[in-house]
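Annotated features, as they stand in TrEMBL:
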| type | residues | note |
| --- | --- | --- |
| COMPBIAS | 463-496 | compositional bias 'Basic and acidic residues' |
| REGION | 426-496 | region 'Disordered' |
| REPEAT | 47-80 | repeat 'TPR' |
| REPEAT | 164-197 | repeat 'TPR' |
| REPEAT | 198-231 | repeat 'TPR' |
| REPEAT | 269-302 | repeat 'TPR' |
| SIGNAL | 1-19 | signal peptide |
């Protein structure tokens with residue numbers, strides 16, 4: 001009975017102590033970090049344990065501490081390729097590219113060296129081959145080292161011809177080097193290894209776009225979407241390709257893909273913007289306006305959305321609604337030439353704000369002195385200001401910029417003919433017909449204003465596409481209509497206003513002299 005009691009006491013003690021030990025051990029299993037740290041307390045000479053603690057900290061975005069453990073792993077085992085790769089990757093995450101490259105170079109030096117002309121077999125861990133990929137990805141950020149990066153990709157492929165990631169990364173690099181044919185070869189080789197990879201079909205579609213083969217590009221986009229119907233980039237770019245093809249039959253499918261895209265990426269303003277552009281192509285103005293506004297709500301400084309919304313308003317007879325949108329556009333982008341042209345056009349033709357329009361056109365010429373449209377519209381402003389001499393000089397300068405533009409030549413001829421007619425009227429009717437001369441000059445301004453409307457209204461192009469959105473004003477037929485002769489009663493009235501007429505003549509002379 002005594003032995004039985006002693007046995008029960010011992011058993012209870014064993015159960016109690018092991019229960020306490022299990023409870024304590026549970027805290028070690030709280031996370032990867034605590035687990036591997038507890039292992040390090042037992043064995044500090046295991047490089048894998050140091051690497052595992054570093055990975056745990058890396059997953060928590062604690063790169064500074066992770067780097068310390070990765071470096072310790074390289075000290076415990078200097079020939080550990082993976083440890084040096086971990087150090088390089090962490091330096092890269094810390095934006096220390098020089099140190100990262102040095103670590104990758106050490107890892108690369110530990111790889112089996114290729115000896116030209118000598119055949120041999122070597123066992124290389126697949127993840128160790130990533131040292132070539134990581135090093136190439138790092139140095140290709142430098143435009144002067146692209147060839148060096150390509151050499152690294154080819155070296156990885158030579159060590160393992162079925163290394164799919166090397167072909168993919170090399171294809172991206174070759175596109176960057178403007179070698180689409182070689183990029184195509186790289187992607188086709190990767191597809192031989194894995195035909196179920198939607199990303200590969202997508203990348204090949206991008207190559208065909210670079211090769212100006214939209215038909216093949218669309219086929220590859222479709223293949224990517226068959227493998228992965230929610231492939232966001234394939235949805236978006238295939239829709240753009242359909243839209244830019246100009247084929248109205250493809251627009252419904254393009255719209256469906258963009259709707260699918262915005263469902264996957266509801267916070268991406270580009271999706272809503274391109275839905276708006278599709279609606280503009282289909283002349284669905286209300287729908288286009290709604291999509292553009294949604295894009296702008298998500299991204300208030302969306303350059304293309306702001307401009308195209310203003311353009312939409314101007315095309316649908318809502319020019320005054322376009323003005324606040326253009327104000328927002330020019331607040332974010334003061335050098336937006338097309339926005340300045342459109343704003344100046346609306347101010348001049350709708351609000352009759354000649355001074356405001358003049359400021360817009362002068363701003364354009366500050367940014368681009370050779371802008372023909374801005375220069376010509378400034379000439380029209382001078383005409384509106386009744387400064388014929390300055391308008392003539394301006395048109396001569398504009399014609400020098402675009403000598404083959406017929407409308408500039410025609411407007412210059414009109415200005416010169418009106419200057420000549422006003423001069424002859426001054427000489428023939430200086431004593432008594434000053435008002436008539438003024439009226440004739442005023443009518444000539446009206447005639448030129450009508451004639452120039454064919455070209456001076458904004459001919460803007462949507463920022464994100466090549467679809468022209470041009471206004472189509474009509475040209476009046478009374479350009480060269482002569483001023484009718486005055487009756488005897490009118491001449492008698494003019495005689496009574498001689499003083500006022502002489503003052504007006506002084507103003508005319510000042511304008512003609514370019515003062």
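Note: Cβ is positioned from N, Cα and C throughout, glycine not excepted.
Helix, strand and coil residue tallies for the repeat 'TPR' (47-80), in that order: 27 helix, 0 strand, 7 coil [DSSP]. Helix first, then strand, then coil: DSSP counts for the repeat 'TPR' (198-231) stand at 27 helix, 0 strand, 7 coil. Look at the repeat 'TPR' (164-197): DSSP puts its residues at 27 helix, 0 strand, 7 coil.
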